[in-house]
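Right, one structure below, let's go through it.
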Amino acid sequence: MQQVNKVVLAYSGGVDTSVCIPYLKNEYGISEVVTFVADLGQGEDLELIRKKALNSGASKSIIGNLVSSFVERYAFPAIRANALYLDKYPLSTALARPLIAENLVNIAREINADAVAHGCTGKGNDQVRFDLAINALGPDLKIITPAREWNMSREEAILYGEKFGIPAPVSKKSPYSIDVNLLGRSIEAGILEDPMQEAPEDIFAMTSSINNSPESPLDIEIIFKNGFPVGINNEFLNPVEIIQKANVLAGEYGFGRIDMMEDRVVGIKSREIYETPGLLLLIKAHKELESITLNPDVIDFKGVVEKKWGQLVYQGFWFGPLKESLDAFIASTQTSVNGRVKIRLHKGNAIVIGRISENNSLYREDLATYSQDDVFKHSLAEGFIYMWGMSNKIWAELNSKKID
């Protein structure tokens, strides 16, 4: 490999990325390691993380405020797509990776870096997401992946960092790997690697336990315009505020925990714990509003598109032609997704109890009612059923003769 003199490293302050700084300098002989810290609304003191990078040997450390872009360009499209990987996971971590990769490439261009680097391990999904996004946006840039090459366990990585005076953010006795952004938290490793071991309560931070959540339910209304959430309880909010408020409301009532077996891109199954209260709540409400504003065939086909959309994002193809085409289809369905959805939060549940679309509802009470106001023409049903089932009737007659 041609000698790299300057590299931009995606930096979080965690075990792997912290160890990457001395590793890149000492093992690769790179003179300048510039770190990029993405502000994704994780609520950490990013200035401390920036200083940690500098103290670990980085020549420069850059903080990028990506919160608004993260919500508007990534989270909101996921809501429109009702994105749930394996029908459970709303891609809270996966959505952040292409945005970080995009900024890595942009910074590399600005400072004339030879390469970009990340601290993803060789068995995770994030390595795929970073590499595919970087290759799509900066195919000429080298990608350096120390954690994929050094073959160190998490414990060994901690010890390596300690040799260079880098304190680990986790204890050796409780080595959870936690990723946090505005959309949620992902927790793995430690005792969670036993799929039968119940996740301890102390790993959760965004959601209350069912026992500690309020005894009385809370009813809320979520307002949508063109498929985007725009308000909660008659209060119109900007995109970031929508996510923040949804997180607080759903989290307080214990909604938004996911404990699942996940099929990783690299072919293995992994036990994952997620907290995504606001995003799950908004997807649930959005899907419900579509049930009253979209035609049945559109809903049916959009379900196929949604599944593929979620797979593409999970597998790292955010910047790809199929994803772009699916985006166009989804956007075309959302002009009529306007209205409000009422949800009851209680003891870990979010139960839809109402939905309305003043201008785009396909529900006709005068057709659906069983009261005297019914305008449905019942006499047409017999002819409809005769034609609807004709092919099946012919098949049945033919096969009954064969049996005789």
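Indices start at 1 and increase along the chain as displayed.
Placed from the backbone N, Cα and C atoms, the Cβ positions cover glycine too.
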Would you identify which residue of Gly29, Gly57, Gly119 Swiss-Prot lists as part of the ATP site it also attributes to Ala10, Tyr11, Ser12, Gly13, Gly14, Val15, Asp16, Thr17, Ser18, Ala38? Gly119
Among the binding-site residues Ala10, Ser12, Asp16, Ser18, Tyr89, Gly119, whose Cα is within 10 A of the Cα of Asp126 (L-aspartate binding site)? Gly119
Rounded distance in angstrom between the Cα atoms of Thr121 (L-aspartate binding site) and Asp16 (ATP binding site): 8
In which DSSP state, out of helix, strand and coil, do we find Gly119 (ATP binding site)? coil
